[in-house]
């Protein structure tokens, strides 16, 4: 299959601020979108990617994280809903659509999400740690919310100048070094 190469959308693109619609595409179209999203995510060295980040306003995201005792979770989430949240934890986040900017964000420590996979099979997943953070971050993208919306007004004000300069990285340029992955 010769699928279209998906490209990232960056801060300032209106699709990132729009609440995404439930996806109603065929299974073949969903699979093709998911494969393209994984390709884009790996190309950009991320651990999560939501459909709006590639210009598709649909409720789909993909994740590939290794957390805890080297437990790997690689999965597509179609029309996800977080049904339970408990505890709180603060951790650093970044975003592929806002390169070079990172900040601490408060999230639920543990969540349970219900979704379907790219084949239409429903699942329920309990998550904590990086997996929980990634799911919450990507779900926010589906609601038009960026991680910078979850930081204090003072921190956002301090980032204002840098946000105005956010541009796509030059083709072939190295990703900035970081201690935690971008979502």
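Please read every residue number as a count from 1 along the shown chain.
Here the Cβ of each residue, glycine as well, is placed from N, Cα and C on the backbone.
Whatever TrEMBL says is automated annotation, not expert-curated.
Under the DSSP three-state reduction, residue 138 (active site) is assigned to helix. Marked as active site by TrEMBL: 138.
For residue 141 (Fe cation binding site), applying a Cβ distance below 8 Å and a minimum sequence separation of six or more within one chain yields 16, 20, 50, 52, 53, 61. Residues or ranges marked as Fe cation binding site by TrEMBL: 95, 137, 141.
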Message: Give me the count of other Cβ atoms within 10 A of the Cβ belonging to residue 138 (active site).
response: 25
